[in-house]
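Listed features, source TrEMBL:
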REPEAT    101-134  repeat 'TPR'
REPEAT    497-530  repeat 'TPR'
REPEAT    565-598  repeat 'TPR'
REPEAT    667-700  repeat 'TPR'
Amino acid sequence: MEALLANYVEKSLKQYMRRNAIFLCERLYAEFPSEVNLQLLARCYLNNNQPHSAYHVLKGMQMAQSRYLFAVACLEMDLFSEAETALLPIEELCAHVTNGAAVQYLLGIIHRDTNRMKSSVEHFRKALSIDPLFWAAYEELCILGEAEEAAVCFGDVAIHYVQEHYLGNASSYLQIANSDQSLDSSQAFGLEDLSLSHLQQMEGNNIRNICLNNHGGPNLTGPVGQITNSCCNSSFFRTPSPVLTQLSDMAPPPLIRNIRFCQNEVSLRSSTQARREFVRENESAQIRGSLFFDSGRRRSARLAAAQRSFNSTQGSENKANNLRASIKLNSGTCYSTVCKGQFQNLEEAFRATSSSLSSSADVKSVQDETVNTQLRSFISNSSKIKSGISDTINLLRILGEGYRHLCEYRCQEALNVYQKLSSKQYNTGWVLSQVGKAYFELVDYLNADYAFSLARQISPYNLEGMDVYSTVLYLMKEDMKLKYLAQELISIDRFAPQAWCAIGNCYSFQKDHETALKSFQRAVQLNSRFPYAHTLSGHENVIIEDYGNAVECYQKALHVDARHYKSWYGLGMIYLRQEKIEFAEHHFRQAYRINPFSSVIMYYLGTTLEALKRSEEALVMMEKAIVTDNKNPLPKYSKANMLVTLGRLNEALEILEELKECYPRESSIYALMGEIYKQHKKYDKSMLHFGIALDLKPSIVDVAKIQAAIGKLILPDEIEDNL
């Protein structure tokens with residue numbers, strides 16, 4: 001009953017029939033209360049999103065697997081301290097849990113969420129060293145900015161490790177199968193030995209009961225039942241041995257009554273002992289045999305086994321003949337009361353015994369041939385297995401290197417790496433989403449839109465990166481696309497934070513900032529560890545000039561992910577508006593350390609340095625911003641302004657002439673050119689550019705500045721006329 005219920009619970013879990021699994025497992029634990037069954041019940045609860053139930057049933061359990069499942073439940077409930085206690089000591093738990101890398105990974109997550117980053121990185125690295133295919137650990141290292149090059153983590157050492165692990169398991173499987181067949185054979189021979197021993201011990205009893213025990217009687221169920229129970233730990237069902245089937249089909253020996261063995265008992269014992277030694281030698285040779293490094297010895301062992309089988313069979317026949325002769329010679333003295341027909345039955349019994357030995361040897365030969373066939377098949381497939389492992393590691397190497405570059409914001413390098421993927425792998429939702437993010441960081445919104453739209457076509461129900469895609473559409477002012485995306489995402493999964501981020505961007509584009517803020521807060525409620533939702537909430541608070549709540553939102557985002565540079569940038573913008581220049585410079589500097597390839601961050605960092613009267617540093621930063629993104633006009637304009645301040649008017653004028661060609665309707669460019677011509681005392685050109693600047697309808701503040709500059713330009717002429 002216990003095995004049946006456990007099997008059906010596992011079957012229900014595989015078929016995602018979670019309620020059925022819970023019901024059956026509760027019945028199982030009620031009838032057979034053991035910690036193993038309790039672990040199965042906890043698994044059912046965890047699969048049904050009931051971590052609190054798993055927490056309560058596993059609390060206080062001491063087995064390694066119970067502690068591991070308890071830690072998983074605690075993590076789901078954000079009980080980090082209890083989860084860490086359950087996983088310690090780590091060495092003991094890793095030794096008893098199937099995959100020790102998972103234990104290290106869970107500890108890494110716990111330490112990350114409790115702001116112990118150094119130890120978190122160590123645990124993630126240990127997880128990856130235990131299991132090179134543990135992608136989630138490498139992904140976390142990339143997010144933390146501590147990942148090694150993918151060629152190191154997914155290199156030749158990883159290939160060798162996985163091949164050794166995979167092929168080693170397959171080798172063990174074949175050895176176990178070989179050992180099981182030997183066990184079945186020895187069990188069958190043991191049953192024959194048992195019948196002979198009963199013949200020797202049961203003087204004058206009916207032999208029919210012993211023969212029934214050989215071919216389906218009560219004695220058979222005892223040893224076979226033991227074998228079955230010993231195998232239940234690895235499999236619920238076990239394929240029956242062909243040896244037992246063949247032996248059970250043999251006819252039982254004839255009935256022999258009231259026979260006493262005297263002189264010939266020694267011959268029977270020696271025959272039985274020889275047969276036992278034959279079985280043990282073959283069985284131990286199979287268990288000790290090496291599948292990969294001892295193939296030559298295996299062939300010689302098979303030849304020797306065949307020779308021993310032949311000799312044993314011949315010897316058994318000779319012993320049987322000797323026994324018959326001995327019985328005939330001593331018929332008048334030892335067995336004078338036995339009739340002639342009983343001696344004929346005895347001869348037939350020994351003839352059947354010899355036939356049984358010969359048949360068993362044939363079965364043994366068939367089993368050896370079966371194992372050898374499996375071995376040859378495995379060796380022929382080992383090259384394919386090695387090739388598959390190598391291809392898998394190479395794939396992870398490319399994906400890992402691209403993801404590492406992207407997390408370090410080397411976006412062009414990431415795009416180049418992803419181009420190395422095959423078309424099958426490149427045209428997947430995850431890869432295209434990463435490509436879209438790379439283009440977004442490069443401020444290439446057109447290509448980002450194209451990559452994200454392809455990702456949605458290929459995987460319409462994959463929400464990975466759709467929050468970033470909504471921001472791309474927001475910045476491109478694609479109102480209709482943004483609305484459609486928000487509706488699609490909310491219809492797919494209304495409990496996904498990405499969907500609510502898209503809705504928030506949609507309302508923000510429509511200037512409904514209050515509803516947008518509610519949408520972003522809803523995303524935070526659904527996943528408090530989603531940093532982009534906190535950041536978007538901060539941006540929305542900045543728009544409505546609620547700087548206090550904006551600072552709080554940015555700080556929450558940094559608490560979740562200290563490398564989320566957009567929150568550092570947002571805090572810097574708030575302090576810059578509040579004219580807290582030192583604080584602004586600190587936060588912009590932090591954002592620049594995380595992402596040293598953003599021209600926007602370079603621009604604002606240069607602006608704060610200029611405000612702090614550090615003009616040379618500011619100029620260097622502006623030049624870096626221009627080199628990083630030559631299409632961004634703000635660093636060029638700021639550099640021209642700084643050059644004017646430093647008195648390098650001709651250099652500034654060259655930059656402004658270039659900007660005027662690209663942006664002919666930007667009033668600030670003409671206003672600054674007017675100022676340069678004024679300092680060159682070219683008043684007519686200065687007045688011309690000031691007039692063009694006013695015609696382009698600048699802001700009220702700029703209008704006042706331009707009018708003041710024009711007033712200073714006219715004043716010297718009036719004074720000259722009065723003189």
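Backbone N, Cα and C define each Cβ position, glycine as well.
Note that TrEMBL annotation is computational and uncurated.
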Secondary structure tally of the repeat 'TPR' (497-530) (DSSP, helix then strand then coil): 27 helix, 0 strand, 7 coil
Helix, strand and coil totals (DSSP H, G, I; E, B; other) for the repeat 'TPR' (667-700): 27 helix, 0 strand, 7 coil
Mean of pLDDT values spanning the repeat 'TPR' (565-598): 95
The repeat 'TPR' (565-598): DSSP-derived helix, strand, coil residue counts: 27 helix, 0 strand, 7 coil
Helix, strand and coil residues within the repeat 'TPR' (101-134) as assigned by DSSP: 27 helix, 0 strand, 7 coil
